[in-house]
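Below is one structure, written out as structure tokens, with a few remarks after it.
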Amino acid sequence: MGNILRCFKGDDDGGDHYPYYKPTSRPHYQPPHYHGQPAAPPAPPQQQPLGPHGVTPSTVGVAALAHDLLNFESTSMVPDGLSQHVVSSRKAQVKWYQKLLEAYKNTTPPPKTPADAAQLIARALNMIQRADLEITSNYVSPQGILEFYNFPIPSLPSASSNYQPSSLPEGVQFVLNTLPVYDKCIGDGDGFTAYVSTTDPRESANVPLEVHELVIARTQARKCRDYQSADALLSSLDEAGYKIISCSDDEVLARKYRIRMRGIDAPELKMPYGRESRNALVKLIGGKSVKIYVYDLDQFGRYVGDIYCNNLFIQEQMLKNGHAWHFKTYDKRPEFARWEREAKAANRGLWASGNPEKPWDWRRDQRNARQDAIQVY
């Protein structure tokens, strides 16, 4: 998880890697004593209330979270004392820490204050029961994961910011749950190529017979060490819209989907801010699995949809940070217009240039220029 977690790990000598932190006990600090000097007087009694980690909010609450995430990454175990403070099962807690670990890794710089850490937890876990997140008037106990770490209760994100629909919105045809998106498969700020495993129920029933035969033939070729034929069969799979992807020392057959993000239009790569827009999308979804609510198939054979990743609505992030335009011609959602106005008012991203060229105007001019060149020829 980077240097911030390693700094809490200590020496690899087989001892306690985090000697001053115990989830179910309170720490004891021994002041340093140097030879020839009088011992330091006893420390005054701790006046601030101690939380379940035995620390105050202003000391090592953030370090405790970092330690727990490091421990979870190594052992898949959640803190022992957490069950005393939340109502959900241990299985649910494991899912929380998976989300927290991913959110922590993707946060730069990592949280340094209790308030920052509380915001990270709230963003990553905004879909869990509120009673598990904080103290409420209806729940005196359990106290919640924020209280477990002595963190303040932040303002929870609004539903429009980090909400994935629990039922299919009107117009959605189906949902895709992708494998992690390769950075190189992100073409610009509003489109990318994604792969969905054929173990997905929706996909498994629709794999063509010819694809099954190609996979079997490739497996046989590899057994015979005929790697030239195996590579040729991979090319045939790609032409059929499928790909064999290596995942955790295993191979997965996946279907290829070309995706167009609904309701936004990002600068083309050759336009000013084009590469910055693409890089912003890479940071949001690169190397991560995404959920795609598919509405339609466009004239170029791309699946048009809403994109969610780590509970973030990706179009919202692109619009709010000035990485894309609201494509009003094809999407009238008022929140899209509002997010674009917010970015424009704050001069974020592409709006910093004052009057950026619209990508649809740029494409029209490019088409006209090509047409003029053909007529001259």
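Every residue, even glycine, has its Cβ placed from backbone N, Cα and C.
Taken from Swiss-Prot, the feature N-myristoyl glycine covers Gly2. The feature S-palmitoyl cysteine is assigned by Swiss-Prot to Cys7. Residues or ranges marked as region 'Disordered' in Swiss-Prot: 15-57. Annotated Ca(2+) binding site per Swiss-Prot: Asp190, Asp265, in sequence order. Annotation source Swiss-Prot lists active site at Arg260, Glu268, Arg302.
Overlay of Swiss-Prot annotations on the structure.
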residue	record	Cβ contacts under 8 Å, 6 or more apart
Asp190	Ca(2+) binding site	Arg260, Met261, Ile264, Asp265, Ala266, Ser277, Leu281, Met318, Ala324
Glu268	active site	Asp188, Gly274, Pro359, Trp362, Arg363
Arg302	active site	Gly191, Arg258, Ile259, Arg260
Arg260 (active site) has how many other Cβ neighbours within 10 Å of its own Cβ?
20
Within 10 Å of the Cβ of Asp265 (Ca(2+) binding site), how many other Cβ atoms can you find? Include all protein chains, please.
22
